[in-house]
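Peer 1: Provided herewith is a single structure, encoded as structure tokens, for subsequent inquiry.
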């Protein structure tokens, strides 16, 4: 609700411009069902008994809700009755009484659900992957007990140790991250000044109970719902509740809500509601009842299911062949199945991914982002829409004056004089938001009293709706200055009839831009008496007020767009203010009032395809209530978007909880922090960019490990199954367990990484000391089909490596002949040693292939990864050479076979990179098109590489090309059929005509020239019968190119010159589109047609693309 000093500027009947007001919020409060005191409340011995609860309240209590004194009674009842019902006095409670009430009503905070540490630890062993390993342990102990042999205790102990080690590492890393977050959150706990035992003391606000007396002063966050006691009015900022940035006046007897901020004054208050019983009880209910199954958990389950199904298929085939076909012994079949179970299950996957996210959360905490739910990091990597509250999040929540557009309405005044007069009419101590905005615009705030002496100050009152000060100047003359609502100031002015029409026009113009108007006037007091009415008032001018964006918000929004994240504004403020904020931040002005979706009553929530498309394509919504934000986020999620939500107020809490990633900004309320997944400790949103990049680096590592895990599963199942079925080779389950342990230790090192963070034009290393990873410039998604195919190809290749190696070793004398080593074909124990070393080395070497996007030997791995690999393989080699373990059926093979195995693996390792690159290329949607149509599949030009495609996606992700009417483009986008894959995750593919199309800013004539050049240069195959071949065609192309470029140079524009040079050199000139518009100079050039000009104006003012490109482009003339 705006300050009464200000003109409303909008019509209450206009639902498109008016947001929810405090009156509406009070109506919501009066209608809420929550009550504030339990029906079985037992008074202290010295206090009178509470009156019985109303039947309605009792019924609510019986139905599982709180019963007792209805909240609306305490809100509206006379203060004497409030004290009677709460059994307290203005002298406060005693400590004993407060403790009794605290036990009954609970602490003054939202409920926290704490998890048992033991259950949390055991939870790491309770997942499908662990179940399979636990099944393998039982098989080793119970089923593997045949043929007169004892149970396989060594495998049982090894499997249990592997489970415990992985669970312990996950538990420790997650606990460390959680404790760091808890410590930082504890520092944010609010305080309150409480009257207990007749004396005030400052203590945690969590101990407040109904009936406590507290002091509220300038800057305090009101810790509970209260009724104000006798004293001067307070100025209270309720933006955390209403979303509006202008403070409201609260007098004695009024209710103030938890989460509000005192902006002016000091007053005592009695607490009437605490914790979940406060005004935002409905919001808290929405938060508590919102249970989301984590996106990461779903993906993890799918990956695990793939591995389990693969192993199950292998087990079934082995059982059929070994028992039904080969008629082998029971124990042999069980041990072969144990090999598949132990080696095929990626048991370390949850641990590796947990450690990866824990390391990322530590890094984010150092940057000012507390991660409360680690899986939110993974989900942020795929975030393609970020919904943000306006007040306090995108803006400073502090009014400022836009000095450049101050309107002067007096011939004797200028902008400086108007500001100085307004400053005279402002307080210099205990200032409200408007006073602070005015005085801050002076060169020195002390100028507000420089050279004058204050005689009398008239504070604001709801009747006059203005402030005024009577003062004397150095020459002894007396004057008055006043500021306030323009209508009130206009009524005072002697020149009202002359300027009234103009004043209303200016007010409406300001309102259209979301600016609030403040009238300023002055008068002389010739009598020199402060009580004198004085001379005629002169209306000096109108001062526009605006809640400005944070200094880093525009850059944050721009960088988010560069990273493929569409930022939407969802605010409780007025539509005009939201549009002006969006215009200044480059977010776009395609915004709507909440009534478009939910009706004027605010309670309708229609579900329709049109609503989903509207929410998806809008730049924001204004005038929203908490449930609106919740539903908007839900609609975006229904459209298959990964949705983030930032906010700071109580009204943001439900949406923060519902969103895939809830982000509470600095100075957020307790409700917002509790509902969020990430809490920022530094002002502004710039740290969100670091969080996005960090999450994408982490996501890259998780995808790499997924490919690795799938590959290992395939290679173990396929390789060992084929050797067991073809040659009846029974590999030792204990040795496959050793391979798994060494692999897990090595793979852990890629979880701790250096994150190459994208910074405009280059990458800078910011985190860690370990492995390097580069983030994606577009939102990431789990394309599991591609990951499974790529992993299967790599795993299948490695399985055949092992099968071929065993064939050469067991069936031929190839190695004996060429390397002069002794034969091991008659010793299954030595064959086991050789196969163990071959599988161990190539399995761990696969890490280097999976961690890199290109050739693995061109991307430097982390030092710790290399060291871990070297140590693990040194151990594996020593075991293969010297081990003599009858229980594991292994005997050392000697250094000769160890050398052969290493050489064989090195030779067969080289094609792994080629297989990876070919798989990725074929799985990319553009692969065959680039090869068959544009014939640039193997071009060395960077224009056709991934970097260029990403740059094009960035440039065009916010509009359907540069040309045409953006509003038309928006309507066309609504009509496009949607696929099940999120649109923002597919790189945008602009056509060449879209890149070079400049008709949008130049007009039809020059536009036709540009399009003709584009068609001739980029699609020569479309020239039809005019096309020639060979040298004649090449000569014709060059001649046509030079002729057209000569025509283009006649426009004498910088962009035309840049395009001429770039095209003559064969370069891509489209990069200039990001910085210049093609505006003709006025020196003898044809101007754009009227239709084109009108279309451009309409696009710039009302379109989605125009609004967004406005801040990115600068005209060159």
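Yeah, the Cβs are placed from backbone N, Cα and C, and that goes for glycine too.
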Peer 1: Any idea which of 914-938, 939-963, 964-988 is down as region 'Disordered' in TrEMBL?
Peer 2: 964-988
Peer 1: Determine the mean pLDDT over the domain 'Cation-transporting P-type ATPase N-terminal' (73-145), rounding to the nearest whole number.
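Peer 2: Value for the domain 'Cation-transporting P-type ATPase N-terminal' (73-145), mean pLDDT as a whole number: 80.
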Peer 1: Is the transmembrane segment (787-809) in contact with the transmembrane segment (337-359), using three or more Cβ pairs under 8 angstroms as the rule and ignoring pairs under 6 apart in sequence?
Peer 2: no
Peer 1: What same-chain residues lie close to the transmembrane segment (706-727): Cβ under 8 Å, and 6 or more beyond its ends?
Peer 2: 303, 306-307, 310-311, 313-314, 317-318, 321-322, 326, 336, 339-340, 343-346, 349, 736, 743, 747, 787-788, 790-792, 794-796, 798-800, 802-803, 806, 810, 835, 839, 843, 846-847, 850
Peer 1: Which numbers of helix, strand and coil residues does DSSP report for the domain 'Cation-transporting P-type ATPase N-terminal' (73-145)?
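Peer 2: Its residues fall into 46 helix, 1 strand, 26 coil.
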